[in-house]
Amino acid sequence: ILNFCFAGRLTRCVRCPVAYHATDTCMAAGSVILANNSFLCPNHFTPRKGCRNHEHVNVSWCFVCSEGGSLLCCESCPAAFHRECLNIEMPEGSWFCNDCRAGKKPHYKEVVWVKVGRYRWWPAEVSHPKNIPVNIQRMKHDIGEFPVHFFGSNDYLWTYQARVFPYMEGDASSKDKMGKGVDPVYKKALQEAALRFKELQTEKEMKQLQEDKRNDKKPPPYRHIKVNKVVGKVQIFTADLSEIPRCNCKVTDETPCGQDSECINRMLLYECHPQVCPAGERCQNQCFTKRQYPEVEIFRTVARGWGLRCKTDIKKGEFVNEYVGEMIDEEECRARIKHAQEHDISNFYMLTLDKDRIIDAGPKGNHSRFMNHSCQPNCETQKWTVNGDTRVGLFALVDIAAGTELTFNYNLECLGNGKTVCKCGSPNCSGFLGVRPKNQPSSSEDKGRKLKKKTNIKRRSKSEVTKEREDECFSCGDGGQIVSCKKPGCPKVYHADCLNLTKRPAGRWECPWHQCDVCGKEAASFCEMCPNSFCKEHREGMLFISKLDGRLSCCEHDPCGPDPLEPGEIREYVPDSGLKMSITSLLGCLACPHKPPYFLIHF
């Protein structure tokens, strides 16, 4: 086994084929240096009988889904997993996790969680033996053991691989660790660990940046194109001049069709055609056609690879660039994603244009392909109609000073159960791509707020705040042994028996409330009293407003009252109004300012 890093002299273990570069960065913690080119690696650790700190200990939760239950435990480190989460058959004999099979070991200047006796897992930093107090150096220790410095208490301990596991970003904010009854020393330890972890991450990223600059002086190769290129059966549409809308601007206007004008085409996100617009050559609404981009440059960022920044000031609302690439269909998109997964390609440049077309700026594109994601972006994407076809443009959300990196929110739709860590560094960063940024309402919530009249709102007490997880089964209403939905933002919990599950679900399990009862596709409308839900195609006639409390209900719940509703019938819950409407008319009225506040339909 060889652990490769950067160029440099190798030192080899005298008992096995393991080799490392002779630096503290590469050398595994617990190695014993014998000479300039030889050492003893931690694989030769032998636990002492009767020593409690030499006992192997595994965590009591799955490293994938964080749930307990029947776990498959690694025999070399504390890692544990549900067999279902790894999607493997039950192994026979000894089993080791992927990291241990790959030879991954703790390293010096690494933040880890350490188990000591019956204490909880405690955050600590792996220290180099030459940097610890003399009395700690003299303590008895064996090959494979390394000292750790505990945060909060400033204590030291010699431990080894089977009693530590890596600290991850966000561990300090876990509510399980910061719950009630946590002593001040442990809280202090969590805070110090978070700060130190961030400091070490920044240090590592700076070193990586320097290395990348030495090895990577140019971005990965791609073909620069100016307009979208068709692949396969995908079509680009072109409208007749008679079909292109004509605005009311005049050639004598100060800024005809400009950003501050009242051009109806600009308001409707239509680009004016040079042969149709009455403003003629003075028209300022032809940015896509004329490719009126501000001057930009590609640069190497600290932690996010290559990025794009402007070389001149950009005003709010100004056109920044068009997102162009190869225009492919869904079948080709899936084929490219599969190829990327098989060849360990992690960078994607795909942007959905409409239901049948996708823009892939990976092999071919322009400078916009280098714009990174941000949870607090300074640009946004807009779909415009240009000469009868849909095009995607990037526009400034705020005034952007020269030298600023250009970013936009990817609104990434994650494929599968994996998550990609977000490194945008924004104050409201969600932590993962595809997860809504903190303190940022959805677009539907924004529209609802604009329509509401200003009223005196009473601040809710702490007891009225919505719980992160409900306490009773959403199906039967009882408590007990329950399983929780892992979809972000869903508080629902269930008994396994109520869902006819023969065993506890593992991994990133999503409850049936998010799938249509008829076809299994993503649900758009939900019953608020049980897990029944329906997609847009099958919700017609399946939901109604309960006369009892005005909640959206499926036909399984018979509302109380002398005048019961028929299945599929919907009544707006206004006392003595007698008003009835169909589900179609209700959905069409969601934007009305007179809409009652209890209508809650998810799309």
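Glycine is no exception: its Cβ is also placed from the backbone N, Cα and C atoms.
What TrEMBL says about a protein is an automatic prediction, not a curated fact.
The following features are taken from TrEMBL:
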COMPBIAS  449-461  compositional bias 'Basic residues'
DOMAIN    59-103  domain 'PHD-type'
DOMAIN    108-170  domain 'PWWP'
DOMAIN    242-292  domain 'AWS'
DOMAIN    294-411  domain 'SET'
DOMAIN    418-434  domain 'Post-SET'
REGION    437-463  region 'Disordered'
Tally of DSSP helical, extended and coil residues in the domain 'PWWP' (108-170): 10 helix, 21 strand, 32 coil
The domain 'SET' (294-411) - residue tally per DSSP class, helix then strand then coil: 17 helix, 55 strand, 46 coil
Mean per-residue pLDDT computed across the domain 'AWS' (242-292): 91
